[in-house]
Amino acid sequence: MCLFRMASKGRTIILSIHQPRYSIYRLFDSLTLLVGGKMVYHGPAPNALDYFANIGFPCEPHNNPADFFLDVINGDSTATSMTKVPGSEDVEFEEQSDSRQSIEERLVDEFRSSSYCSATRAELELIEQEKKCSSCSKSRTITYNSSFLQQLRWVLRRTFQNLMLNPQTSVAQLGVNIFLALIVGAIFFGVKDDQSGIQNRMGALFFITTNQCFSTVSAAELFITERKLFVHEYISGYYRVSVYFLSKILSDITLRTVTSVIFSCIVYFMIGLKSSAAEFLVFTLTVTLVAYTATAMTMAISADQSVVALANIFMTITFVFMMIFSGLLVNLPSIMDWLAWLKYFSIPRYGLAALKINEFVGLKFCDEAGIRNMSAAGTNCSVSAAGLTCTGEQYLDYLGIEYTTWGLWENHVALTAMTFIFFIIAYLKLRYIKKFT
């Protein structure tokens, strides 16, 4: 009765049953009978008895139709035994298999020539035509019962709940960032405005930038660990690819923002960088943008990977390559022209350049006498007569960095553009996985 109620509400119930009682049989709408893998009847269940009666197999009164059908297709029906000759019991066993086979062949032939078979073939041909038309389309159309915003709401809610129920990753990441901030702040604590301060500032800014890049390696697991779940839920029509992608981005970006702000607050004031609210905000913004861009690149690399270790290898190699062209390990203006173009693909280069402009512009590393001597020697000199760099602008000129206001925001624009490009690549890879899974 449960299946009957489900069928009455519009659901299609396909049931394979052996020898049901009449109270169950009378609930059937359509009936299919097979013998030896061949169809002997397919049509409305109430018409089955009349069909068998018309082909010479009437059902006895008060007999269960299900039992009658089993007897007929097995050659045991009373209707099939009425034609037996008395006294033929001795040869009955030898002829049993031949008689059964002849009955099966007759049932199959009768159905093939019936109107029910013609109607069934017509329905199958129609289904086959619809299947061919649907196969012409490049992708299967999936319909959704809810809007984009409703899907985003629930998937994003589930993502944050999973993050709260499994806080090991987020808490560990926050703890590691605080620990590294304290270590860096202790090493470069109270940086001075002298020649050693130049090197210390460069080392601190370089470490901060590279730390933001390598700390995003944890984002590689976002798409890899839930790959099977995502494919199953998408093809089932639960949500769109864009909904799943945005929920993952928003949850991870939230975590990156919190950790970047806390990291910046600790390391900025412990090192003793420029004590200005504007410079601190620019510093925090730059550190956060580097984290965003590195996260986007991590997602772009890992979106089509199935093994976390392999994705980590690809990301590590990429970040190490980018570090070479960041502007600290090698002087970028001295690189040969046929290799110089690679610096435009380095995330640490843009972040480090923005941090250097924000920190070095306006700083003085010599006394007033040394600066006056520098001015007398020429404004374009990068070092004083004693071989010292006296101003931050001179050091930036030596590095080949444009330290104007546009030069600062140019690096921010480049980081933002790279972030969007990497996110687009990651999204397209997710759609590629969905299409061929």
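Note: Cβ is positioned from N, Cα and C throughout, glycine not excepted.
Note that the coordinates shown come from a computational prediction; the quantities given were computed from them, not determined experimentally.
Marked as domain 'ABC transporter family G' by TrEMBL: 18-81. Annotated domain 'ABC-2 type transporter transmembrane' per TrEMBL: 150-360, in sequence order. The feature transmembrane segment is assigned by TrEMBL to 171-191, 253-271, 277-295, 307-330, 412-430.
Sequence-distant contacts of the transmembrane segment (277-295), counting only residues of its own chain at least 6 positions beyond either end whose CB sits under 8 Å from a CB of the stretch, comprise 208-209, 212-213, 215-216, 219, 252-253, 256-257, 259-261, 263-265, 268, 319, 347-348, 350-351, 354-355, 358-359, 408, 411-412, 415-416, 418-419, 422.
Among residues of the same chain six or more beyond the transmembrane segment (412-430), those with a C-beta under 8 A of the stretch's C-beta atoms are 223, 230, 241-242, 244-245, 249, 285-286, 289-290, 292-293, 296-297, 299-300, 303-304, 347, 350-351, 354. The DSSP breakdown of the domain 'ABC transporter family G' (18-81), given as helix, strand and coil counts, is 27 helix, 13 strand, 24 coil.
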